[in-house]
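Q: First the structure, then my questions, so here it is.
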């Protein structure tokens, strides 16, 4: 029976864990030693959008599942919902040694990649270096800075999924199956399906290569058995995500990811389900932008870096000597270092050491792994090009299943960022198994020469690059010359930096391979170099400005305008913030807002913004500027109960709107239409206080005229609203609440009633004569059923994982050493 050796089987992994822990703690030291927290833009916005949900959860002890704080109302599935997967959450916290969120994701990414390299039989101390290079890639650090915690959390478990699959095929079927199930569940838990989609490219191509190998060897069952176990593992893992998936799937049909009902979109070629191309490809790599994987400042670095911040820059000197100081002040805004095609960008840097090792991997790793990982890397770059490579990506968008649901296609660069260090470490491991003969020596020198040669070419010919962004040709030539010189200097400087790192890496590997350096020295040196390489670049994009005192969050501090509006205790009214309303959720933290911050708002509401709300806002602003305070003519804003309009932080920046329709009202006439286009157009035109627009093809049988009545809100929660109505004859009530066809139950005096849609986005109800109690309650079955499936699947998966681990250890110990 085998015995467990502390030095051989435990110590290397303890060292790895300690290294990952120390690196994480030091990199994010203000979180641990200065009482500060990360100041993340997207998390601040999320807090704004989720505040109403959190408050109501604390108030009632139940999940609201609906929020009225953003975009006049939407399901909470993609904002904040608690599911019964706390076992997985606690497991993740335990594995990350209790590190705080979100910095634990960096530790988990390193640990996950370390396990992946061990699965491929890379020696532990080299695996530590590969894991550091992966986990400290600027992709992770930039993502953390922006607050993309779910994306980074999902990426952190990608290597663990691949490790489980590889172990199932090559080493231990049951351990691999258990590890895959756990890894997929943890990866799905962060609910970033775009990253899961990219992971599938890895998995499918790996499976194809394994299938070809087994078919060639005449052992098809050798593929079928592990593939079958992995399918079962994936299904079990999917069970832990079932409720989330079903709710997202249901909602996506009605969100911006769903099919447009407007013929205007159909005629423009945007009739397919999914996002519009201009939105999805807004952020696309330029054709030379993947060079930032190797030379971070190849395109200038981050878009937030302005040369006027650099004392020694030629741009600053040119502005100081400009003959027109006023012009110089204006031009300072255009002194950005980044000159690529994206609106905003920070470079995703793989590491000079990683690129060098990647080339070694191409030369030395097993052919099947080279095909797999080079193909994945190329695919990631092609996808990241977006509309810079329109023929490829538009075809993917139009014809590849599900791909048109995703935006920010530059995220696909994670494919090479994972594949490159993996192939690099596999190549290095293979090199170390070869004797130092002349043929191998030549290949190694070629492996050093290729990345070094690229750096030399960039240094020598950097001046041939344009160094100009679109539109900058209009700038004064003297200013543009200085700007181009600074950008060229940055490119050369970073190319020289990468050249030096490649040279040092090559020396360490070469002399380590031929035995001139002891393993501890050259491997330790390589690991330290990989760490330093990543750390120095990360420090450019992540520093003191990314932290704040835990008690200091001015973003979520009520302004004087907020305090004044909050004096109004009546329920259900909304606030329209004229300052970038569709890209801010600070207003939603304090009020129910017409705007918000979310990438998957209800599609019909987006249509309303495009065709009705934005034009009304522009008209209203023009009217106010010309001295006309009358807001009664803005029917859509009034039907959305926009009781307060704000344009700044002070009390005098509030415009009360006394012409709103209120929480609900009886209309006197109905305009029946037969299409979504007609419904939307009519909604923009009518007096919404008196008339309702109804699509008769969906909700027929209504009368053309009704009588008035009165409606009052008796109680108000996001997921349960109670109204008292009084009407002398049958009436049609319109409610200033967003229509969503699933989950909402309506009763009149306790009897089920049928909810209608009016005015393109609102709820409506026929109410018989008399005094009645109307209740709207959000009780989606998808949550109740999905939560049960999640709980059962999670328990089975966790138990199954530990059983698989225990069984594998017993098997290993019974095997002769």
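Note that Cβ sites are derived from N, Cα and C of the backbone, with glycine treated the same way.
Per TrEMBL, the features are:
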type	residues	note
TRANSMEM	12-33	transmembrane segment
TRANSMEM	102-120	transmembrane segment
TRANSMEM	152-168	transmembrane segment
TRANSMEM	195-215	transmembrane segment
TRANSMEM	227-245	transmembrane segment
TRANSMEM	348-365	transmembrane segment
TRANSMEM	370-391	transmembrane segment
TRANSMEM	411-432	transmembrane segment
TRANSMEM	444-467	transmembrane segment
TRANSMEM	495-513	transmembrane segment
TRANSMEM	520-537	transmembrane segment
TRANSMEM	789-810	transmembrane segment
Q: Quick check for me: are there 3+ Cβ pairs below 8 Å between the transmembrane segment (348-365) and the transmembrane segment (520-537), leaving out pairs under 6 residues apart?
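A: In this chain the transmembrane segment (348-365) contacts the transmembrane segment (520-537) - 3 or more Cβ pairs sit under 8 Å.
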Q: For the transmembrane segment (102-120), name the stretch out of 370-391, 411-432, 789-810 with the most CB-CB pairs under 8 Å.
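A: Against the transmembrane segment (102-120), the leading stretch is 411-432.
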Q: Report yes or no: does the transmembrane segment (227-245) come within contact of the transmembrane segment (411-432), defined as 3 or more CB pairs under 8 Å with a sequence separation of 6 or more?
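A: Contact criterion not met.
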Q: For the transmembrane segment (411-432), give me same-chain residues lying six or more residues beyond its boundaries with a C-beta closer than 8 angstroms to one of its C-beta atoms, as numbers and ranges.
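A: Contacts of the transmembrane segment (411-432) (Cβ under 8 Å, skipping residues fewer than 6 from its ends): 113, 116-117, 120-123, 126-127, 129-130, 133-134, 137, 139, 151, 155, 158-159, 194-195, 198, 201-202, 285, 290, 293, 348, 350-351, 354-358, 360-366, 369-370, 373-374, 376-377, 379-381, 383-384, 440, 444, 509, 513.
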Q: Given a Cβ distance threshold of under 8 angstroms, which distant residues of the chain, six or more beyond its ends, lie next to the transmembrane segment (152-168)?
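A: Same-chain contacts beyond the flanks: 102, 105-106, 108-109, 112-113, 115-116, 118-120, 134, 139-140, 143-144, 175-184, 186-192, 195-196, 198-199, 202-203, 206, 226, 229-230, 233, 414, 418, 422.
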Q: In terms of Cβ proximity under 8 Å, which residues at least six beyond the ends of the transmembrane segment (520-537) contact it?
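A: Cβ under 8 Å, 6 or more out: 23, 27, 125-126, 128-130, 132-133, 136-138, 296, 349, 351-354, 501, 504-505, 508-509, 511-512.
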Q: Going along the chain, which residues at least six beyond the ends of the transmembrane segment (195-215) come within the CB cut-off of under 8 Å?
A: 151, 154-155, 158, 161-162, 165-166, 169, 187-188, 222-223, 227, 368, 371-372, 375-376, 379-380, 402-403, 406, 411-412, 414-415, 418-419
